[in-house]
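Chemist: Following this message is one structure expressed as structure tokens.
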Amino acid sequence: MDTAEEVYSPDMPSRLPIQDIFAGLVTSIGTAIRYWFHYTLVAFAWLGVVPLTACRIYKCLFTGSVSSLLTLPLDMLSTDNLLADCLQGCFVVTCTLCAFISLVWLREQIVHGGAPIWLEHAAPPFNAAGHHQNEAPAGGNGAENVAPEQPANPPAENAVVGENPDAQDEQAEEEEEENEEEDDAGGEDAADANNGAQDDMNWNALEWDRAAEELTWERMLGLDGSLVFLEHVFWVVSLNTLFILVFAFCPYHIGHFSLVGLGFEEHVQASHFEGLITTIVGYILLAITLIICHGLATLVKFHRSRRLLGVCYIVVKVSLLVVVEIGVFPLICGWWLDICSLEMFDATLKDRELSFQSAPGTTMFLHWLVGMVYVFYFASFILLLREVLRPGVLWFLRNLNDPDFNPVQEMIHLPIYRHLRRFILSVIVFGSIVLLMLWLPIRIIKSLLPHFLPYNVMLYSDAPVSELSLELLLLQVVLPALLEQGHTRQWLKGLVRAWTVTAGYLLDLHSYLLGDQEENENSANQQVNNNQHARNNNAIPVVGEGLHAAHQAILQQGGPVGFQPYRRPLNFPLRIFLLIVFMCITLLIASLICLTLPVFAGRWLMSFWTGTAKIHELYTAACGLYVCWLTIRAVTVLVAWMPQGRRVIFQKVKEWSLMIMKTVIVAVLLAGVVPLLLGLLFELVIVAPLRVPLDQTPLFYPWQDWALGVLHAKIIAAITLMGPQWWLKTVIEQVYANGIRNIDLQYIVRKLAAPVISVLLLSLCVPYVIASGIVPLLGVTAEMQNLVHRRIYPFLLMVVVLMGILSFQVRQFKRLYEHIKNDKYFSALSRGDPLPVKDRIEMPMATQKTDTGLTQGLLKVLHKQCSHKEYVDLADLEQKWKNLCLPVEKFRALLQLDPCEDKIEWIKFLALGCSMLGGSLNTALKHLCEILTTDPEGGPARIPFGTFSYVYRYLSGLDSDIPESDTEAYLSSLKENAAARKNGMIGLSDFFVLKRKI
């Protein structure tokens, strides 16, 4: 087109009439109100009805009276305790949702990981529990299942075998013979299990994908504007009721009646966790009942009932084991840590009992949290030890990095007594380490340094330095530096390696702890041979053998891992005992140093700042730890520089001094001045007007303002980095990318510090100048001057916010004005035609006079505008062609291929355009299919075969070199395929083959 005005109707006025603007404004307000009502209904349903219903049903079921069931409909409509019930209901809904997801995930684990033998064969779980080979999936012969039958993490008795490969081979041969003997007896059940696995895999992926496409989160929650979500609300409420009844009500009452019958009700009530303990007891009794019923169903050969009871037992068993592993074990560790550290804080068991009586939930949660942290760091240290020690030394501990390790599969397959034995051993090991590294060092410190303990953990409000500023110093300076720049893992790994080397040479256990270099090379060669042998001999099972067998076969291709041979010295048991003693002494000394050195250094340094005032030991320990880290870091850097000579050392010291100086300047500006100004501005705008009356004088504390300013600065920086791109975000990203080593002081001061400090100073100074310099000149009273002086900061903030809102509304009104103008006077919309816009962005290809500029996207735009007519006027078509900025010469040249007078059949013009896009007939039809298809983008691009044949005959008729007989023969062959496989539709794969150049 020549001018932009051509897209609008000729009768468009220069300014819109008031009635059009008013009508568009009313329409927009109506749309907003309609959306507001809909989203309010959505929020009311999901945040009100669903949790409130779950909470009221939960309370109704657990009141223990029949009358509550009769009054349940009235309780649903009650307005008492709405907020509390909604919050409690959200927790109930979350629990039921987690239970549902856990059930689905556990089913996938059983289906794809293989079920236990006792579930697939006619053997009850209490009989199968005694066998060692109870982990293997059913299917295949015994020889093929030897590898999958080994548990993901071998227990203690199996790990000893791992130290002796010969014994391991003998055991494998014995197990193979036993499996071959059992193969005939369990053949039918194995076949049934394979058939069941095959049935589980007979699902149509396409149907699942379509179901996922149809039910999106927007449609399920009602955010798409439809009311279909009301049905989903009903189903969620029903599922909540079902899960509460099955997973909470039934186990609780089973446990309650059992405890009442046994006379333990008073003891359970004294624990302050009656509901939780009663429910767990109910689950235990339910598991025992399921075992007995499974055995009876096995005896009477009720196969379906036996399998159903077995699956229910697995669900209950895994649930209880998860509670023990994640809940009970960390709680035991947390309480044991607290008991062993009582003397360190000058506390007694009576204090802990009073704390538990006053807040049992909080006390238990804090102890569980401490226990979880302890378990996590213990597991992290074990992983670090595995990186240093010879593979096979830690055979008695589970390897979390092992790809075969799957704790859920172990919970499914291993019997209960194995889990119980492992739990007791873990408690003994973790408890012994706490005694060695906490209780014993505390006793030694109290004996050698009687005035060093206890640690001060009380807060004092009369301290000269605010606790808030010290806490901010700890959180914002000390901990980030220790965590990000501490290299703690590398240092700890180096210390462990040095200790291992020392202990190995002192006790002649170097080969046992670290292995020998020659044997390592031989082991590597043997590993390569094993891998090659496994690739040649281990064939991946077909799909019918089950996913678990295929997965295990793939894992076994790598050959045996987890063991490395070593040289066994004389008196080996005695040397191992001495190694354990040496390890205990080392851990004791390390614990003594960690408990005393950082606190002593921190107390000494804090005494220069706070004098004799007592400070929380968290701050002293963190400060001392930071100083120790800086000292060790400096010593290690100097030791690394020593071999390079004095000149290089001086050069490095000069570079580091310059970098430290720049960093200090930047820290003073960005971590000192900016937070101070920001905290002071926040104090003047928000805190002082709210807390200090007009007849009192506000007092400002720079330390507190700086501490709050640090928090505000971090929040503003985080929001800026998450927001849109603007100059402040660009500067912060550049500074962060440069880092400390490549710090650019001039760039930071000019681009970041100076603008931010200028804005903050203006925000502080301009209101002060107005209140203290301009207002007194107006001759107002002293009361008015005080009012202006105290309220000018929030008043100016309100003015700035109102100006921002007004600016936003002006931009929105301009958008509404343009929208009304486009709706009413845009030429395409005024005629009822689709808008000339592409479905997706295409790269510009037009060179106007030398190229058509025509693309598939532009042809699709023309098709949208003209497809509703069988014949189109050439004048109208030419105008639409020009509106797309396409050269008119090419339009007229296109019509020369099939000349016509005033009108042309649209499908023919579209075919001519497609022929201009592609150089061949097949390519032209490919473009035609992609334009006409209703399949999603990237799909098969199918169109009716009648349309395809009509266009093919039309285009082939324009080419005199193509005989009509060839055309008909080609279409006949395509028609047979389309009728047989495509339901009368033809797609790209039926006629178009993409040729690639190699």
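Using the three backbone atoms N, Cα and C, a Cβ is placed for every residue, glycine included.
Annotations in TrEMBL come from automatic prediction, not curation.
Checked TrEMBL, it gives:
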TRANSMEM  16-37  transmembrane segment
TRANSMEM  82-106  transmembrane segment
REGION    128-199  region 'Disordered'
COMPBIAS  143-161  compositional bias 'Low complexity'
COMPBIAS  166-191  compositional bias 'Acidic residues'
TRANSMEM  233-255  transmembrane segment
TRANSMEM  275-299  transmembrane segment
TRANSMEM  311-337  transmembrane segment
TRANSMEM  365-385  transmembrane segment
TRANSMEM  423-445  transmembrane segment
TRANSMEM  465-483  transmembrane segment
TRANSMEM  576-598  transmembrane segment
TRANSMEM  618-642  transmembrane segment
DOMAIN    648-821  domain 'E3 ubiquitin-protein ligase MARCHF6-like C-terminal'
TRANSMEM  663-686  transmembrane segment
TRANSMEM  748-771  transmembrane segment
Chemist: Short question: which residues 6 or more past the ends of the transmembrane segment (663-686) have a Cβ under 8 Å from it?
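Modeler: Distant contacts of the transmembrane segment (663-686): 698, 700, 702, 704-710, 712-713, 716, 740, 743, 745, 748-749, 752-753, 756-757, 760-761, 763-764, 793-794, 797.
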Chemist: Below 8 angstroms Cβ to Cβ, which residues of this chain, lying six or more residues outside the transmembrane segment (365-385), approach it?
Modeler: 327, 329-335, 337-338, 394, 397, 400-401, 430, 433-434, 489, 492-493, 496
Chemist: Verify whether three or more Cβ pairs under 8 angstroms connect the transmembrane segment (16-37) with the transmembrane segment (311-337), leaving out any pair fewer than 6 apart in sequence.
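Modeler: Since fewer than 3 Cβ pairs under 8 Å link them, the transmembrane segment (311-337) and the transmembrane segment (16-37) do not come into contact.
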Chemist: Six or more residues beyond either end and a Cβ under 8 Å away: which residues meet both conditions relative to the transmembrane segment (423-445)?
Modeler: 156, 324, 329, 332-333, 336-337, 340-341, 343-344, 374-375, 378, 452-453, 584, 587-588, 590-592, 595-596
Chemist: Mean pLDDT, the domain 'E3 ubiquitin-protein ligase MARCHF6-like C-terminal' (648-821)?
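Modeler: Reported value for the domain 'E3 ubiquitin-protein ligase MARCHF6-like C-terminal' (648-821) is a mean pLDDT of 90.
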Chemist: The transmembrane segment (233-255): which same-chain residues, six or more beyond its ends, come within Cβ distance under 8 Å?
Modeler: 45-46, 49-50, 53-54, 57-58, 61-62, 92-93, 96, 99-100, 275, 277-286
